[in-house]
Amino acid sequence: MAIAKPFNLNQWIEENRDSLKPPVGNKNLYKDAGDYIVMIVAGPNARKDYHYNETEELFYQLEGNIEVHIQEDGEKKTMKLGPGDMYLHPGKVPHSPVRHENSIGLVIERKRTSKDDVDGLLWFCDNCNNKLHETYFKLDNIEKDFLPRFKEFYTSEELRTCDNCGTTMEMDERFVGGNLQRLYLKQQKPPQARTWGFFILKM
């Protein structure tokens, strides 16, 4: 990677604000970086899944608010961030960032460069927080690797029904009813340098 010159992040946001909107509300600031994904992520988004990442993720909130829901020792907890707040999310802890309207944050995480790296998606009951379903996989392409797992969960009433309290999570048509390529930030990179972006869905 060529050495990049410093730039003013606030100025960059003002110049790119129109492109930080759903359905794709994120931008990779250093596409050629070797070790890290450095992204600006804007709201709003809507998601019920929790993401599993084996390494840490740094959240720094620039504008507006975000709640990062996490699962720790079988309990749902919420990390609330406003402008100027920072949160280092530990690896291997499922988390679900929920971004408010007109919010913008910086997210830094490691690239998946090891063949042993896996990502995961988990869902928990809205009523009792019992785990409904979990799936783990090698992430190479977010469009190809995430969508089948969303479809598997949201098209199955059995997977969406809690075996503890009987509550059934509603099916989300956005994940099963059409071409979701427009929801994702495409990365045209060779496999060893491929990165991925958070999926941002209009609420």
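Cβ atoms are placed via backbone N, Cα and C, with glycine included.
Annotation comment: TrEMBL describes ARG47 as O2 binding site. Taken from TrEMBL, the feature Fe cation 1 binding site covers HIS51, GLU57, HIS95. Annotation comment: TrEMBL describes GLU57, ARG99, GLU109 as substrate binding site. Residues or ranges marked as Fe cation 2 binding site in TrEMBL: CYS125, CYS128, CYS162, CYS165.
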In whole Å, how far does the CA atom of GLU109 (substrate binding site) lie from that of GLU57 (Fe cation 1 binding site)? 5
If the Fe cation 2 site is taken as the center of the Cβ atoms of CYS125, CYS128, CYS162, CYS165, which further residues of that chain fall within 8 Å of it by their Cβ? ASP126, ASN127, ASN129, ASN130, LEU132, ASP163, ASN164, GLY166, THR167
Cα-nearest neighbour of HIS95 (Fe cation 1 binding site) within the listed binding-site residues, ARG47, CYS162, CYS165: ARG47
Nearest-integer angstrom distance between the alpha carbons (Cα) of GLU57 (Fe cation 1 binding site) and CYS128 (Fe cation 2 binding site): 27
Apart from the site residues HIS51, GLU57, HIS95, the 8 Å Cβ neighbourhood of the Fe cation 1 centroid comprises TYR50, TYR52, ASN53, VAL68, HIS89, VAL93, PRO94, SER96, PRO97, GLU109
Rounded to a whole number of Å, the separation of the Cα atoms of ARG47 (O2 binding site) and ARG99 (substrate binding site) comes to 10
Of the binding-site residues HIS51, CYS125, CYS128, CYS162, which one has its Cα closest to the Cα of ARG99 (substrate binding site)? HIS51
Rounded Cα-Cα span from HIS51 (Fe cation 1 binding site) to CYS128 (Fe cation 2 binding site), Å: 19
Let me check the 10 A CB neighbour count of ARG99 (substrate binding site). How many other CB atoms are there? 26
Can you tell me how far the Cα of CYS162 (Fe cation 2 binding site) sits from the Cα of HIS51 (Fe cation 1 binding site), in Å? 19
